[in-house]
Every structure is written in structure tokens, then in C-alpha cells.
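Residues or ranges marked as region 'Disordered' in TrEMBL: 123-189, 683-716. The repeat 'TPR' annotation in TrEMBL covers 255-288, 289-322, 374-407, 408-441, 510-543. Residues or ranges marked as compositional bias 'Basic residues' in TrEMBL: 683-698. Taken from TrEMBL, the feature compositional bias 'Polar residues' applies to 702-716.
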Amino acid sequence: MAPAVTERMELAKLCSSKDWSKAIRVLDSLLSKSCAIQDLCNRAYCYSQLELHKHVIKDCDKALQLDPKLLQAYILKGCAFSALGRKEEALSVWEQGYEHANHVMESSGLSVPTSGSVVSTKASEISYENGKSNGKIKPSSKSSKQLEAHDKLQNGSSLNVKGDEVSGSQSNKKHGSHSTKTNGMDKKLAGKSMLNDSSESMMDSSVVYGEPSDFSDICSESFSLSEIQNELMDEANRNKKFCVARISKNKSINVDFRLSRGIAQVNDGKYAYAISIFDKILEEEPDYPEALIGRGTAYAFQRELHAAIADFTKAIQSNPSAGEAWKRRAKLEQPWENLLRRLVVYWVHWQYLGLRELAIADLTKALEFEPNSADILHERGIVNFKFKDYNAAVEDLSACVEVDKDNKSAYTYLGLALSSLGEYKRAEEVHMKAIQIDQNFLEAWTHLTQFYQEMANSEKALQCIHEILNIDGRFAKAYHLRGLLLHGMGEHRNAIKELSVGLSIESSNIECLYLRASCYHAIGEFKEAVKDYDAALDLELDSMEKFVLQCLAFYQKEIALYTASKFNTEFSWFDLDGDIDPLFKEYWCKKLHPKNVCEKVYRQPPLRDSLRKGKLKKQEFSLTKQKAVLLHAADSIGKKIQYHCPGFLPNRRQYRMAGLAAIEIAQKVVKVWRSLQNEWKHSNKGALKHGKKVRRKEKLNPPSQNRGGAGCSTSSFLEPSISCSAVEDRSYGRPSMPWHSLYSLAVKWRQISEPCDPVVWVNKLSEEFNSGFGSHTPLILGQAKVVRYFPNFQRALNVAKAVIKDNKYVRDKNDNIINLNENGKLQEIMNAESCSDLYKAVGQDFWLATWCNSMAVEGKRLEGTRICLVKADQIGHDFAIRTPCTPSRWEDFEVEMTSAWEALCEAYCGENYGSTDFDVLENVRRAILRMTYYWYNFMPVSRGTAVVGFVVLLGLLLAANMEFTGSIPEGVQVDWEAILEPDPNSFLSSIKSWLCPSLKINTSWKGYPDVTSTLETTGLVVAALSTYSD
């Protein structure tokens, strides 16, 4: 067999298995021998499957230099421009192709088919978006009947593997393929559609010159026009003609014959010719519904959507019982973001809401004629799901699977909808049902993986990924999911391996690139991290979600460069809050476009500068006995931070971070207390023990403008800033560590442990601090229940009602008061059992502030968190807590935290100093929990408040010779216990009930190596967090 023939056979197999990278290598070889136009187009198509759109454009330009009339090159080039977001250039290219095709057709006396006739007919390519997943669905049961051997190639739209031939309609049954000799694709367009004329044409086995399908997606856009074409073609093959609700008014055999001819042309893909036939019929009888449906279908295939919808609408008006028209019009009126990527020539921006309402109305009307249609129920269920009406989706999809018990796609969407509604047990069962129907159903396996990952069941998630890769070892999304899971478990080095495999399959996958860069960054491999961040920044993207990752890549690269510059310096010099520009941090936290940052903010020196100055010398992390003892102790202590709640994965890296931070805090606090104790001994006898409390009614001096930063407070350690009228002075000096520095130790460890999280002190931002920038934590989004935080919803709702009852008002989005003390509104609010009930009672978007009682200033209430309820953009309500850190609020908590820290020092120092009597240390425990309570309500960092608070609690307990040996009870989130409790004493009682029984007196920790001197540099800290013995 000739080498060229062998190569082309190999090419056919590679394309059939969607191994585009290897196919490109074969085409490279063929093109090196002979620059065939068809091979250039074939390679361009393969590049499009890998989303290498610039390469697509380059190959198409070469092809057009050889043949300026090559329509398929215009189509591919336009699709590439469209994918890159360059819509005007795409439109220009397609119009050029249209003009060339039109010229050819006119010279032949024929009308030109629009470019829609060359669009891929792959079944069920959709894209799904919920925060959460993307992928590919197998063809539906209908379309799967149309699939045959991979060597059957579609006429004119298949990848040509013969070099000098393109596939055609003349069948060679002996070899099972179709081919016709021709000089080029443009000649095939003369009078013939680029869809196969043969009824044996295969839709999924050939490579098509249409809009590139996105094989990285896991769930597909179920209502893409390509699926409509599949379904209509399949229906036509079965029924031979479209739904005929009635015959012509004139009962003309000629009209019905022409109608049959038109439908046959649609089935054969000859849409322009079909339209001309239907035009003639409609000239004679303008309201003939079957002709309108037929022409509307042809328009739909040509992407002339306005015309298609107009015809279907007119058919409905002409004959309201034309259920087929209702169904097909509904298919076309999916949200425009789904259709836009599949347009070949023209597009229009439509309103999302109007489209949904119209599509739902049409499908509902169609159900009146076919009440038990599984097909329509399935379609309406998916429309509802995509618009986040999960309750309606569950209702429709449940009814669908009652009728069609083997509809695996319906089960998959039903599982997603149930999961969004918080019905996790049912969701798992439904996903498993889809897999029972088809063990090789990648979409179901993928969604089940993500379900387990969201539920923090890492073992089952990994099992599902294993099954996915057994089905398709080159399924790139599986490697991304495993990398994401391992990253979430703190296995950064293993995550890099998985993500690298995924990138070897899809080199331009920004999710894999960004995540791998973050992993390299975390383990101190800055050269590789910067390389991946740069690669992510160089990609030209086609969606807002990916663009956000690109923005984050910019910020993360700067943080990586900063960390590299500090790598060989003492860890104490690593100071994101002090060294990084406030504007940069604000944009980083908000994930905003970095344009302003680039123009106004000092950029970090390039990596080569750190290398040249010796700041990035690789430090060997030799695991000495001293380090081994320290790391073992840290791992044991750090495990105690784990929340045993859905959504919280165990993370060994965070365990080690927490343990090291807690030990360092304990070691530093003990030094502070020792200093205080020495001063106490030399002060007036009993001064600390019998000292009177400072009266708190005096006016407080404003705290330092640097409040909240590490070691920046100017307020006294044991004495809050008060006026000179204070009645008492301390008889011993101020300690060296204010409360800010204590918590900054934990904040810094949290920053270095996971650098892709923007953890910063809020008051170290600039103008946003004054406008109340703070944390935002949703419990409900529309109808979706946030898996981590929804368990706190009922308590939060009860707290909101209690605050409203007490205040008798809430505030609107402009902070104006909404008076609720009239028209029985308060009683209606007290009866509210859901977001919907509460919103209806208030009547508009609103927020209210909880409070927490001060222990520093008698009778004072501090503003706690804000509970917000707003109407969602589409369906349902968003229920969240938001904690703004305004200057006035910061001043209040500054006093409270200083007072709490003072109270703790008073409780431990003096006569109780060094005690190992558990009962004697009761006041110390209470003081530690008091400080923790106000920290959680304060929320002074952009994120990480929960773990930082508990790490400091562990460290303070350890400093007082008490070690927490238990675990946080299942279902308990300590920060939420504080946020939703206005009385600090109630919080103390609640936490002590499970904390104290697990506290053991322990002084052996004092023998641990000193953290600061053992892990002296930033590089050693990073190595300690990244090195494990197994």
C-alpha cells in the first residue's frame, strides 16, 4: 500500500477517534509533500477542534491564496474569528464567502444556499453553565440510530482524507464510503448541498466543516440548531414527511406533490431549493401551515432564524393545532447566548427573558396537543433548567422519565436540578439511574463526579473519574476534574501531573492552565508558574467566565513575582498587606479588569531580576529530625480545623498550615505573657489581680489610620485608647504584640498556603474601605441552595425576623429606611417561612443588620453582619450575609478586640500564670472564646476569616497549656455560630459544650522546635507546606 494512502487511512481513524493533535501531525506530513488546498482546510478544521483559532485563520488564509472562492475556508475562518470574540471580522469574512458563492451560483443560474447548510450536524452539542461544569453528551436515542461506521463520510462536509478527492454522493458500497472526483469543494456547491444526498449519510462519524464543536464541554446545549437538524432529519427518515395537520384547501394534487418535493429537498439538505418550492406553494396559498413549517425548517437550517420563527408563528396562527410548529418555534427561541456560537452569517441580540417566556409558552402550547410527549417535556425541562427555574425543571423532567424511562439525558438534567434544590439523595439516585441506562454515558459520570466533589466526598469522586477514563482515556475534562479535586485536597504536586495530561490533550484549556499555574505557584516553582500564567494571558477567549480566569492570571502572576522576590528572605518580610498597592488588592479581590492596575500601580520585577540578585536560589528542604518533629506535630494539630459539613474537602496542605501557624502563635504569645508576668512581679503587689476595671463611658480616641495591619496599631495592648479622664493607669508596661499582630500571623500563613485566594486585611484597601467593602456569603442564589452554607438558612431567617420585630424597619438598597410598622406587615413577616414569603411581606429588595452585644462598653450594641434579600435576575431570590468594614464599624471592633485581648492577658497572667489546673483556667477559656466571637463578627479580612479565627483559638489554647484533641462536631460551622448569635455568652456556652470535654492539659508542646528559626525563610515555609513523606 502506498505511503500516502496509509497516511490517509490513519488520518481517517484519528479523526474518527477525535484525536485532533495526531491528525494535525499527519496533515503536516502530507502538506510537506504537497500543499493541497483540501489538506489545508482539513488541518484548519482540526485546529478548530483544539480551539487553536489563530492557526485556523492562518491555514484558511493560505487556502484562500490558492483559491479565493473556497467557501469552506471562509466559513472556518469566520468561525475562528467568532470564537475569538472578533464578531465584526467574522461577519466580514462570511459576507466575502457569501459573495463569492453567490457569484458562482449566479453564473450557473442557481440560487445560493446560505452558509447554514454546512454547519455540523453532530447530535446534542450543548454547553451548560451553573458555577460549576461543562462537557459532551452522547447522541440521543434518535440520532444514535443514524450512526454507522466511521469510514462513511458526509458529502462535502467531511474531512477529505484522499487528497485529490472529496466525498460525494456516489456510493462505493464495496468499500463502504462515498467519493466523487472533483477539483474542489466550491464546485460541489454548484447545485448540491454540502450535506450528504445519500440516506446512508453518517452524522457523527465524519468531520464537518461547520462551527467547531466544543469537545471540552461536558454538558451540551441541548437546543442547538445542529440538534434540531438531527431530530428533524431523523423524523423525516422515519415519517418521510413533516407533520401534516391538514391537506390543501384546494385539495390540489399538484400542491401536495410540490409539498412532498419540498420536504424531500429539506431532508436531502437542499435548503435553498426547498425554500423556492415552498415559496411557490405559499404564493398560491399563503396560510398553508405545512408549507410554512417546511420553509421554516429550511430557514432554521440556514440560520435565518427570524424568517424561521416568522413562518412557524404564521403556521400556528393559521392552524392552532399545528403542534409541530409550536415545538420547532420553541426550539429556535432558546437564549441567544446559546445560538450565537452557531450562527454562520448573521445574528441579532435578543432579550433573555422574553425568549424564555416565548419558548416556554410555545412548548406549553405544544403539550396541549401532545399532553404526554416525553420529547416536549424533556425540552421544556431543559429550558427551565437553563433559566434556573429548578422546581419547574424537576416537575417537567420527572414527568418525562415517567413516560420515557430510558431517557438518560432527562435523568442527567433532573439530577442537576435536584442537586441545585438541595435534594442531594435524590440527585445521586437519578445520576446513577442515567448511568444504569448507559454505562458509557460520559455526561452522567462527569456530573456525578462534580456532585461528589461538591459534597466533599473525594473517594467517590475519584472513583467516578476512574470510570470516565476507562471509557475515554483522552477525555481532557476528566483530568481537569481530578486536578481540581487534588488541588482542593492540598495535593498540589499530584494535581500538576493530572493537569499536565489534560493540557497535552487540550493545550489551550485555560482552566487547566490557570489551575496548574496556581499549583506551581503554591509549591514555589515560580518559573513554571509564570510560564503558565503568561500562556493563560496570551489566549484569546470567547466567554466571560474564561476572561475572569485571565484577569486572575494577571494578578496571580504579580503575586508570584512578589513571593519570588521574598523567597530567600525571612518569612517575617513577606507582607502582602504592607507591600502590595491597595488598588491592586482591590481589583484582585473583585476580579476586575487589570487595565487601571497596569497604568497606575508599580509592577513587580520580572523573575529574571530575582534570579540575578540571588533572591530565588533553590533551597533544599532536608527533612531533619527537628523539622520532622515540627511537621508531625503541625499535621496533628492542624486537622482540628476541619468542618464536617457538605462542601468542605479535607485538605492536608491547609492542615499543615494551620498547625504551623497555631504553634508559632503559641510560641510568640508565651513570650508576650512571660514579659507581662515579669513586669507584674516587679509592679505593685496585686496590681494585676486587684486592678479596677477602666470605666468605658469616656469618649474613645480615634484609632490609628493603620488599624488592622500587622503591628500597625497605636492603641495600648492592655489599655484601649481613651481620653485623659480615664480613672486608672496600668502599673505595668504595654506588651509588644497588639491583637492585630496576633491575627496577622495566621493571616500570613493563610496567604502563603493558597496564593490563588486573595486574603487581605480590608482596611489595607484604599477607597473601598470607606465605602464598606467586605465579605459576601450567599446561602441561596435564586432557587439554588449553596451546599456549604444553606444549612444555616433557617437560623439566619429566624434571626432576620427577630431583628425586624425588634427594629420594625429594614433598609433598601440605597440605605433608606423601609417602615414595617403598619398594615399588618410585621405579622406577615413573623409568619414568613421562606425567602419568597419574606420578600412578599417587605415588598422590595432590602437588608438589615444583626447586632452583637459589647463586653467592652456596657450597653453598647455593635453592628454584626448584614442579612440581604434581593430578587434574583431571573427566578427566585438571593439570600446572603454581607459584612461591610466601614471606618466607624472598624473603630467599634478595634476597641472590642483590644479589650478582649486585654481580658485574656489579665486572665492568664498574675497568679494564674503557668497553671495546669483545668478549673483554674476557666476564665482563660472564656476569654479566648470571647475574642474568637468578636473576630468572627468583625470579619476584617477579605476571605479566610473562619480558618484564621479557629487557628488563633488553637494557638491561644496551646499557649495556655490546653490542647484541643477532639474535632468540630458534624454540622457545626464555628464562624456561623458566632455570626448568628447576638449574645457572646450564649456563643461561649454553645462552643464550650463540645470544646471543653476535648481539651487536655499539655505542656509537651513547649519542646517543639521554634517555628520562626526552623522555617526561617519564605522558601523554607513554602517547602514545608509542599513536602510530604508519602
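Note: Cβ is positioned from N, Cα and C throughout, glycine not excepted.
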- Note on the structure: Residue counts for the repeat 'TPR' (408-441) under DSSP, helix then strand then coil, are 27 helix, 0 strand, 7 coil
- Item | For the repeat 'TPR' (374-407), the number of residues DSSP places in helix, strand and coil | 27 helix, 0 strand, 7 coil
- Task: Take the repeat 'TPR' (255-288) and count its residues per DSSP category (helix H/G/I, strand E/B, coil), listing them in that order.
- Result: 27 helix, 0 strand, 7 coil
- Can you check how the pLDDT averages out over the repeat 'TPR' (510-543)? 92
- Note on the structure: Taking DSSP helix as H, G and I and strand as E and B, the repeat 'TPR' (510-543) has 26 helix, 0 strand, 8 coil
